[in-house]
């Protein structure tokens, strides 16, 4: 019967609309924003960006903002869904091209995104991940529609090869008139400022966070007769799995009581399997395969040492999760990793087998002599470092700043594009911007804004989902199911 | 009982007619705009001009006669199968819901859904033709699991009224359904 | 905290995330980008060293020219196939001797091929080519001559493009196949079956065996290698000049462009190189990890 309550809520809102002008509804939210998060990456896909968007949205909803998420359709999951606490997700039917990123023509996503932005009365568009074509499209269209934009960059890029030269140019164009950029570490900020030729003043550093209640230590799970090293990462080249393949035999030969617990899946699994085969380490090196997020803690608490061998990393949530579970962390000194944990919680090594082995041996020796701090004390320190509430507070300030900025009119936008992105790319994208603007005019003529129904807010200052949570949750399930059915229909 | 002016999702005026036969029986009729003479003339002119242009180059009179036939047949098919004049929803508490739509030619299709099959009537959102719209729909019960929804019947499919109209219909429907449950 | 908060007290900024520092999130310290490095480990090119390397490319270009010259002579009947066959045989034997001589200078870890094996593969190849040369002769008879010429030109170009110049190894399969395909096309326009056989053996000599010899030469006798390259280039221009002076001029221009002008451009444009490195770069694994698997 959830629907009935929801539509009863619709009634209240609509009567309110009829009595007061719609402008008033938007106007009185002095410091409350209507935020649209756009990214190709969202649940059911799993990863760092996905959980970042979800957790940030939940905390912003808690703070009274209205948040909706726009992503592309995942298989049969298309249409409109509600998640916990009335977080509305638009799964738009856009064609996926490569690696869950949508194909981009710069234009075809405009009608749907415009519909979302207009009916939800969006004031700030927040795009995530430079790998997501949809995020870049949304930034571009939002500027055409005169909305303020924020972009969060989650990854590091090099400058050396042709593909990065091209993607960096595209990023330059895309971020050229984005109001504010958020990076997850100082290294990431330096990287983004260089790649997109930005003024560093409009780039904020807001780290990722970890839910500390999900990652609590449990020393009783650790076997006492051995030392276990835990590795949890996708088994791909960029995570340095080749280095791991060198470390395992080196250390296992020296320390007969050393065990490895490796979670994750990927093309480099074969390297680890070969090593295990060659050195007959089947009982000491366990490959657990792909782990679900909820199982990660169960694996982490079985170990004494957490090892991260990444070759590049913007922030690295994994080491924070490891430390939060009370493990000693050993990691390569790459990207933003040195900024993440204080020196006494992490042992940093160069990305070579020898250096990593030396670092691990040192930690093993400390572990043997018992001179390491207890898991509980490590957890107590880590749990305060990175929280989603803190991230949301700082992101909120970015929105406050952005909301006051003016959006450049078309002529100044074009001038800026040409002066900022070089004569060739600048002119091309200025042309694209003009076409986009004309396309928007056409759409506005075909379907004026006043004809579009204003969406019923589930979250935010006029949120209708302020009932007790347990009911809301069942409600959301209902709504989702219902949406699943109806999308088949239309 | 007609009051405020409603429009459909494309901004065209429609009218909602609520008839209360008794406290358990209400009928809602959504009247779309009539076929406008101007539009018919415009389409006919287009087809005929095109046919004349083709005739000018081919000098084949069959083109002209076929254009006339096409316009006539097209108009017939349009008013018989496409153009819906009005859609009505008759809710009878304890009996069920009757959904009927009558076409411009006078043809009528009617469906009846028994009350014991109906789980609820709700307003939902969907992506439709590069836009996102609200629509009213009937949720049907799954005969095996009483809590699950087996399928969804959208209402007012061709007139597609906007949210304010849907809310009005929705409220009255809920009134009746809640009374008889 | 958030951007544009009031600046905090005079504590030094640290590039760390774990501490909540009294600076706004968008604070830019003077240490910003201090770890930026430009043009790390860049190679400074010496003009003549680059020219020497480019000579290898020019040499390969000339090889193609020499092959075409030989074909032109054969087509016009100026060169009897017997004579060319004999010369090829002598060259092959000389080259083989040189190849063996150069091998002895480096200690070879893997087991060397025996003379018997070499002889066996040579005889198999020769007998098969000889047997099939009437077939190859008529293979493209129904195809128009223009098409054959165009196809040969494209294939020879493909051979030049796909040739593995960087590590002087026996030519990669694509470039060798393209060259042999081109020679089969050209050979089918010659008057007799013996001509075809001669042309194919010659193609094998020029496109397959000669690069092998050059590889040895480059590894063991770099100075002579340069001399050989110059010699081949001159031979190519001279040979083509005897048949078509215009072609020789074009070839000379191309050789000059490849061996002199392109290196000049490379060295000159080095000045504009601006490579950025920093902590965001993906770390490279320098060690040989595969040693753990052997």
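Glycine too: its Cβ is placed from the backbone N, Cα and C atoms.
Note that the coordinates shown come from a computational prediction; the quantities given were computed from them, not determined experimentally.
Segment annotation: TrEMBL labels transmembrane segment over residues C:148-166 (candidates C:148-166, C:167-185). Your range for transmembrane segment, going by TrEMBL and the list C:28-47, C:248-267, is C:248-267. Three or more CB pairs closer than 8 A are found between the transmembrane segment (C:83-99) and the transmembrane segment (C:193-213), so contact between the two stretches is assigned (pairs 6 or more residues apart). The highest tally of CB pairs under 8 A with the transmembrane segment (C:119-136), across C:56-74, C:148-166, C:193-213, C:225-242, is held by C:193-213. Taking Cβ pairs closer than 8 Å, the transmembrane segment (C:148-166) reaches residues 56-57, 60-61, 64, 68, 140, 172, 174-176, 178-179, 181-183, 185-186, 188-189, 207, 211 in its own chain, all 6 or more past its ends.
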